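J.: Quick paste of what TrEMBL says about this protein:
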ACT_SITE  Arg200  active site
BINDING   His105, Glu123, His180  Zn(2+) binding site
DOMAIN    17-112  domain 'Phosphomannose isomerase type I catalytic'
DOMAIN    251-324  domain 'Mannose-6-phosphate isomerase cupin'
Amino acid sequence: MEKSAGTKPQELLFPKPVFHNKIWGGRYLHDTYGYDIPDGDVGECWAISAHPNGDCTIEGGSFDGKSLSWLWEHERELFGGAKGDRFPLLIKILDARQNLSVQVHPGDAYAAKHENGSLGKRECWYVLDCKPGATIVVGQRAKDREQFARMVEEGRWDDLLYSVPIKPGDFFMIEPGTIHAIQAGTVVLETQQSSDVTYRVYDYDRVQADGTRRELHIPQTLDVVDFDLPLPKSGDVTAPEKDGVTILGTCPNFEVERVRVAPGAPRRVPQTHDFMCVSVVHGKGGKVTSGAGSWELELGSHFVAPAGSGDLTFEGQMELIVSWPEG
């Protein structure tokens, strides 16, 4: 969505990430990205979020100190014609030092009915780093609800769960109803609907610091598993790269691109959307220039380009993940 003639360009918005300790997390977010994270095992960086469980605050500029949810409610022109009663996207970096639980997310209709009006959770993963030989769970082999329930009851996880090998640069679209789990030694950037609804199927019988085990959600899982989803053979990105830009995935809720910027070759990214979420996931960084000014970027920088920011020009050495809402 382009700004009207004569309108002052809107500044880029730089949220302060929110971090979450997780039983499966580690210290990668500090060691690699330099984030100031809490003590202990940290699994999630909520980099761009207006969700109540991690509402980011804007740092710098005209909206310094304002939360992203406040901007969505009170400065809606920043987000063009984006619809809905809440900021629709949530951008995370996940550090899986250990296996995440085997889980599934509901779609919008089920979540709205059973989870206090929540959105469903369609998401996607871009693999940033992983140990040699790493795999990821992206499906299941049961043919129907009864077979799934029986295999869970019998603990036949190797027979039930479908995994594929992964490497940095792989991409997976995780539809609602997909049984999935990020495995140990993997770091991903996750683009998702703004939802925190997860149904846990299996958690490896792990015990938390307080001596309890995390809750499982077998009845809800049986309600939402989609037995007709195809099983991906790999996470290979097959879309062509054109002028440094590769379309990674498109779905009813968002589109995701990878943008590569090389030294001495500025990269222009048109702003024709209601807003864009931008994350610097690899490289040394550089700077971004819009109609409202220029900002320095480094590895781990994240920002929102409002509807009226104008086109973006990137200089430096970096790889970006760029997303925007659809629908």
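Glycine is treated like the rest: Cβ placed from N, Cα and C.
Any idea what these are sitting next to in the structure?
T.: Counting every protein chain shown, 18 other Cβ atoms lie within 10 Å of the Cβ of Arg200 (active site).
Annotation for His105 (Zn(2+) binding site): same-chain Cβ neighbours under 8 Å, separated by at least 6 residues, are Gly120, Lys121, Arg122, Glu123, Ile174, Pro176, Gly177, Thr178, Ser195, Val197, Thr198, Tyr199, Val224.
Per-class residue totals from DSSP over the domain 'Phosphomannose isomerase type I catalytic' (17-112), listed helix then strand then coil: 20 helix, 34 strand, 42 coil.
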J.: For His180 (Zn(2+) binding site), which DSSP three-state class applies?
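T.: His180 (Zn(2+) binding site) sits in a strand per DSSP.
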J.: Between His180 (Zn(2+) binding site) and Arg200 (active site), find the distance joining the two CA atoms and give it rounded to the nearest Å.
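T.: Cα-Cα, rounded: 10 Å.
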J.: So which other residues, same chain and not among His105, Glu123, His180, have a Cβ within 8 Å of the centroid of the Cβ atoms at the Zn(2+) site?
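T.: Apart from His105, Glu123, His180, the close residues are Gln103, Val104, Lys121, Arg122, Ile174, Glu175, Pro176, Thr178, Gln192, Thr198.
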J.: Counting every protein chain present, what is the number of Cβ atoms, excluding its own, within 10 Å of the Cβ of Glu123 (Zn(2+) binding site)?
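T.: Other Cβ atoms found within 10 Å: 24.
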J.: What is the pLDDT of the domain 'Phosphomannose isomerase type I catalytic' (17-112) when averaged and given as a whole number?
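T.: A mean pLDDT of 98 is what the model gives the domain 'Phosphomannose isomerase type I catalytic' (17-112).
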J.: Helix, strand, coil: count each for the residues of the domain 'Mannose-6-phosphate isomerase cupin' (251-324), based on DSSP.
T.: 0 helix, 52 strand, 22 coil
